[in-house]
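So the structure is just underneath, and the comments pick up after that.
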């Protein structure tokens, strides 16, 4: 079942905003960070239809709010539609998001799919629902993006999510990878964007409190947060308390990769290093030896 979507024609998003100086300072910071992310990774272009995935949590509310404000002032034209996947979790307040969208004149869909029952059936006893749930959720949302003609799918992951995913893969997956700010989905049909990539979680928490978003808890399914991710999140929070610049440095490292300083042979051709070494022209014997190797290689061709 889909809720009717209002047209972006005559778009009139003018919510009641806080008036405190703290709010406007934070808003300015978030706008700047989101704007830089959009520009740096070419996330949104003229004519795009951006599908914003809204769960009812602080991250997706903040993402939607900032993008809607950008739409009002952006020098390009793009459309926004909010989409919520109602997974039929017990106790899910079905009226909260429709009311919020309608009160703020936001075009939206409510996509109803009982992925909760499927998740319960497929999850082994004693395991958390998160892995299966997220796969089913992604599949449903990505397919729906195709149905409505969305050119970009906006997700609410922030800087700390990206860093946490990096450490999850490092500690438990044996790989150096995180969440890219922009990604082509595995089926090659959707462009995923994360406009909050430069935003810290603590700023999102403050912003959501100031804006008084009607937050829907994410643990309605009764499952506990993935233990490994929970431990890493706590580690990151402790680091941020003790060493305020550490997370900034880690995120910077994700943007400053040197393949030649790692050990991945698919990223760097270590076999050609000998041929790239500068010759010592002061040593005639060494020069003759190197030239003989080059001549032999040409003769072989």
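Glycine is no exception: its Cβ is also placed from the backbone N, Cα and C atoms.
Looking up the ranges 55-60, 61-66, 67-72 in Swiss-Prot, the one annotated as motif 'PP-loop motif' turns out to be 55-60. With the fewest other C-beta atoms within 10 Å around its C-beta, 130 stands out among the binding-site residues 130, 133. Note on the motif 'PP-loop motif' (55-60): DSSP counts are 3 helix, 0 strand, 3 coil.
Secondary structure at residue 130 ([4Fe-4S] cluster binding site), as computed by DSSP, is helix.
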